[in-house]
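Taken from TrEMBL, the feature active site, nucleophile covers Cys181. Per TrEMBL, NAD(+) binding site is recorded for Thr7, Thr42, Glu76, Lys184, Arg248. Under the heading substrate binding site, TrEMBL lists Phe73, Leu74, Lys75, Glu76, Lys125, Phe170, Leu171, Ser172, Pro173, Gly174, Gly178, Lys241. Under the heading domain 'UDP-glucose/GDP-mannose dehydrogenase C-terminal', TrEMBL lists 234-336.
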Amino acid sequence: IFICVGTPSKPDGEADLSAIEAVTAEVAKAMNGYKLLVEKSTVPVMTGEWMKRTINLIRKKNADFDVAANPEFLKEGSAISDFMKPERIVIGTESERAKKILEEIYQPIKAPIIFTDVKSAELIKHASNSFLAVKISYINAISQICEKVGADVESIAKGMGYDSRIGKAFLSPGVGYGGSCFPKDVAAFIHLAKEVGYDFSLLKAVQKINQEQISLIFKKIKKYLWTLKNKKIGILGLSFKPDTDDIREAPSLKIMERLLSEEAILSVYDPKAMEETKKIFPRRTIYCKNPYQVCKGAELLLVLTEWEEFKKLDLKRVKKLLGKPHLIDGRNIYEPEKMKKLGFVYEGVGR
């Protein structure tokens, strides 16, 4: 029985495991023979132990079951491909019976299987996602230094990425990470560390840098527009990353909230995330049919998601439509020199 329920964050960062507990209790009540419960959800370490206790309390008599951890590493926008062609399969169990069952299930999928104990498997998911968040915040911290000294963070990321010990992935500076995983998992890992007596200052710094990126973008906006009341600002990109409609913890929402709080008028476009965003910001926001409609009369244009569609825009047409040629590229999808030649007042991140 694969358990794949949500584990959202509480206000203090702790994972809400009420759905895990409810499912475990439901399974325990219906048991009629050996059952293998497999954690797929992202859960804090010791969840497997609590599941065992819950089942034993409900069953009272010796129940025939095992609990295993098998964290998922699927990316939004490529979930099916990631499942069928994973880089690794992690299985945490102390039971040979459970090991054989899961080994048989995954036999058709050609990928290395890492067998470990339940606690280690639970930690692997948190450690993996948190490390990727570290890489993002690290390159964003470098971007802040670059802006102060006149260096190009994209060149630095390229120079670092060719080192096989570092790798190119997640060295893309920008407006920060979002989505349903990184913010939640980093917060949960910090909370977990606190619970066991460790101050995870590294991940606290990662959170701080991520929050700073939003403030830095806002400062760039204010530099060009000064006051924002009744000024039209265009936004390209609402989802936290391309190829998904997911706006959970998206940097765009935080930026929109701040702009609207200062009574700006927003015109926005995203290939997939418009309907969800409308539910949050129904007023003072124009939801456009295409990127060019966003640009019409805008005093500043923000690029917040690196959709392929935005990389192929007719930039001459964009400039002609804008009320003022201010463009803040929060994902560094355009080349600064080209933009300046076209007549834009262009600013990227760390360039």
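Any Cβ shown, glycine's included, is placed from N, Cα and C.
Recorded features from TrEMBL, shown on the structure.
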residue : record                   : Cβ contacts under 8 Å, 6 or more apart
Thr7    : NAD(+) binding site      : Ala15, Asp16, Leu17, Ala19, Ile20, Ser41, Thr42, Val43, Lys184, Ala188
Phe73   : substrate binding site   : Asp82, Pro86, Glu87, Arg88, Val90, Lys125, Ser128
Lys75   : substrate binding site   : Asp82
Glu76   : NAD(+) binding site      : Gly179, Ser180, Lys241, Asp243, Thr244, Asp246
Gly178  : substrate binding site   : Phe240, Lys241, Arg248, Glu249, Ala250, Pro251
Cys181  : active site, nucleophile : Thr42, Asn129
Local confidence of the prediction over the domain 'UDP-glucose/GDP-mannose dehydrogenase C-terminal' (234-336), expressed as mean pLDDT: 97
Listed binding-site residues (Lys125, Lys184, Arg248), ranked by Cβ neighbours within 10 Å, top entry: Lys125
Neighbouring C-beta atoms (10 Å sphere around the C-beta of Thr42 (NAD(+) binding site)): 21
Pairwise Cα distance maximum in Å, substrate-binding residues per record: Phe73, Leu74, Lys75, Glu76, Lys125, Phe170, Leu171, Ser172, Pro173, Gly174, Gly178, Lys241: 24
Binding-site residues compared (Leu171, Pro173) - highest count of Cβ atoms within 10 Å: Pro173
Conformational class of Lys184 (NAD(+) binding site) under the three-state DSSP mapping: helix
Residues Thr7, Thr42, Glu76, Lys184, Arg248 binding NAD(+) per the record - widest CA separation, whole Å: 17
